[in-house]
Protein chains: 2
Amino acid sequence: MDHDVRPVWPGILEAYQRFLPITEQTPRLTLHEGHTPLIYADKLSERLECHVYLKFEGANPTGSFKDRGMVVAVAKAKEAGKRTVICASTGNTSASAAAYAARAGLEAVILIPHGYVALGKLAQAVQYGARIVAIRGNFDQALAIVREVAEPLGMEIVNSINPYRLMGQQTAAFEICDVLGRAPDALYIPVGNAGNISAYWMGFTRYHAEKRIDSLPRMFGFEAEGAAAIVRGEPIAQPETFATAIRIGHPASWEKAVRAAKESGGAIDCVSDDEIASAYRLIAQEGVFAEPASAASVAGLLKRHKAGDVKQGETVVCVLTGNGLKDPDSAMRLASQEELVVDGDPLSVRRALGGFQ
Amino acid sequence: MDHDVRPVWPGILEAYQRFLPITEQTPRLTLHEGHTPLIYADKLSERLECHVYLKFEGANPTGSFKDRGMVVAVAKAKEAGKRTVICASTGNTSASAAAYAARAGLEAVILIPHGYVALGKLAQAVQYGARIVAIRGNFDQALAIVREVAEPLGMEIVNSINPYRLMGQQTAAFEICDVLGRAPDALYIPVGNAGNISAYWMGFTRYHAEKRIDSLPRMFGFEAEGAAAIVRGEPIAQPETFATAIRIGHPASWEKAVRAAKESGGAIDCVSDDEIASAYRLIAQEGVFAEPASAASVAGLLKRHKAGDVKQGETVVCVLTGNGLKDPDSAMRLASQEELVVDGDPLSVRRALGGFQ
């Protein structure tokens, strides 16, 4: 291909206007979210004898898939004349809400459970100028308060109970089909709050209804074993996993996720922290640095492959929901490497590197 | 605009093939680097009465502009039959080298000065599987050793002395022109090792020679005051600034940078850490979270504007070289906000938010 001028990607609202609840009055808010790379995973594809693509959502403006839905939710809040958005969050949602609020000229209020959230996790939201309020209580209480105070204070809730969030998130499914020119045979995706698998399914079925694709993928969602509420069939009071972004014991979109898996001929299953850690390293070997939670999709693919459930030659997409830079501590902790310290001369370095063996 | 299918961005090597030293034999390596957003800065534009765009290089695969040059350097190393790349680095270069080496199926060796680099900064390189060797010595010694051991060990150096690095980096200038449909009136850019300003200038003059643009921008580079070797006219033994990515006392591309500024009618100047910190917050208000060093470009624009040197209505581009997620500690440290802790009930939260004033 010779050089070919390409216009900048205009962002979700403009690119997928036709599929979103956008009116003439909706502000064309964007940080150029979406249009994230669909990366062919050479090594995994060879090993599994199928075509594995990684949908790297960590390339979004604030480093996670949340931006796709947040841009819609914040634009609609502004259209409705709201001056402040509010959410309860301990991580990616707060960063995204704060960024789009700043961009739109709105205020953002973030409720967090006091003492529970590492302050470093909130660096983005703080930098974007959000007002952080720590409450003496847990996350569920924070969300309950958000629901109660938003209306009297005239604030718009941008937690995932805001329906515009999932509408925006479905655009990732559109992009996959646009790039592949078809639907994949199967989609693998981490399941935490269970909204994202629901949004992808909404996107695929919409494209199918519009005859842009002529088949639908099977949807396979993976919870972390220690937070596998849907798999176990009951909420988990104390969910445990190092993959913090899916450490959720009572998924908000539970039924929708189950329906997506069932309707598509897929499943909701779970993977252990060891399986997640191992997949996390395999993803890095493809050149991609994702959040630990993201690796649940690849861990799920490996689990099904081991069980003989992945057909040779299939085209599968694994969704990587967030950027590894969000959690550098996990990278360091999981690295098997010991630090190698040598004297500062060429001979010592060559010896250390095996150059004189 | 109605929905319009856009193919995925193919990455630097394919998109800008014609301008790069690519042959039939060069592997088409990519992590879909480049094609980073050029974000219109509403608030800054209004305040400065000109058109300010932010070129957000933090959207690259490993979170910095280094990916543009690294993809070329690593592809050429692989083409030459090398099995290992080596560099001395304390930050963004190591992450990029490790990622592209992993992608290309090569080994990466990173030399760092022992005790000088926070291990967290190396999280990416470690996760990508690079071999880290810490030497008892400083950064200059590490680089000197790299230069000495690379050839006998058959490794390719991918520090910026590798000429393919700057060739790849010039593509950011191409993209700016492609999106604007012209060259900006001025480009503002942080100066550390001084390679990037040189690469942008190379890109603009190339496009000008090819008659893709009919004017050239003035190039304004900004060092941090405590590391302003070029401005002072002599190397600085102990450079000091919180903007670590430009904490460099002896820039490798010194003369090239001076030439770019001079030829274009621009300048190399410096900004204080306070000016950088203040610009860093203004960038976040536009919805963008950049590395502290990135803010030197915007700080430079503000400094020149204050001096009356920015014309009304001008179109200027500020380059933001890296992602803010690379340095969450700075974000937390610079946040003026005190943590607000309240009881976990709606009334207390409404009081805290001023809802009952």
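Including glycine, each Cβ sits where the backbone N, Cα and C put it.
From a predicted model like this one, the values you see are computed outputs, not experimental measurements.
Annotated in TrEMBL:
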MOD_RES   A:LYS66  N6-(pyridoxal phosphate)lysine
DOMAIN    A:85-128  domain 'Rhodanese'
BINDING   A:ASN92, A:GLY192, A:ASN193, A:ALA194, A:GLY195, A:ASN196, A:THR321  pyridoxal 5'-phosphate binding site
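The Cβ of A:ASN92 (pyridoxal 5'-phosphate binding site) has 28 neighbouring Cβ atoms from other residues within 10 Å, across all protein chains displayed. Listed in sequence order, the residues of the same chain lying 6 or more apart from A:THR321 (pyridoxal 5'-phosphate binding site) and placing their CB within less than 8 Å of its CB are A:GLU57, A:GLY58, A:SER64, A:PHE65, A:ILE189, A:PRO190, A:ASN196, A:ALA245, A:ALA290, A:GLU291, A:ALA293, A:SER294, A:SER297. Compute the center of the Cβ atoms of A:ASN92, A:GLY192, A:ASN193, A:ALA194, A:GLY195, A:ASN196, A:THR321, which mark the site for pyridoxal 5'-phosphate; besides them, the chain residues with Cβ within 8 Å of that center are A:PHE65, A:SER160, A:PRO190, A:VAL191, A:ILE197, A:ALA245, A:ILE246, A:ILE248. Here the Cα atom of A:ASN92 (pyridoxal 5'-phosphate binding site) is found 7 Å from that of A:LYS66 (N6-(pyridoxal phosphate)lysine).
Within the domain 'Rhodanese' (A:85-128), the DSSP-based counts of helix, strand and coil residues read 22 helix, 11 strand, 11 coil. Counting only residues at least six positions away in the same chain, the Cβ atoms of A:SER160, A:ILE248, A:PRO251, A:ALA252, A:SER253 sit under 8 Å from the Cβ of A:ASN193 (pyridoxal 5'-phosphate binding site). Across the structure, A:GLY192 (pyridoxal 5'-phosphate binding site) and the residue listed as 'N6-(pyridoxal phosphate)lysine' place their CA atoms 13 angstrom apart. Candidate binding-site residues: A:GLY192, A:GLY195. Fewest other C-beta atoms within 10 angstroms, A:GLY195. Note on the domain 'Rhodanese' (A:85-128): its mean pLDDT in the predicted model is 89.
Its Cβ placed at the centre, the residue listed as 'N6-(pyridoxal phosphate)lysine' has 33 other Cβ atoms within 10 Å.
Largest Cα-to-Cα span within the pyridoxal 5'-phosphate-binding set A:ASN92, A:GLY192, A:ASN193, A:ALA194, A:GLY195, A:ASN196, A:THR321: 15 Å. Separating the Cα atoms of A:GLY195 (pyridoxal 5'-phosphate binding site) and A:LYS66 (N6-(pyridoxal phosphate)lysine) is a whole-number distance of 10 Å.
Neighbour density for A:ASN196 (pyridoxal 5'-phosphate binding site): within 10 A of its CB lie 29 other CB atoms from the protein chains shown. Sequence-distant neighbours of A:ALA194 (pyridoxal 5'-phosphate binding site) (same chain, 6+ residues apart, CB-CB distance under 8 A): A:GLY221, A:ILE230, A:PRO251, A:ALA252, A:SER253, A:TRP254, A:LYS256, A:ALA257.
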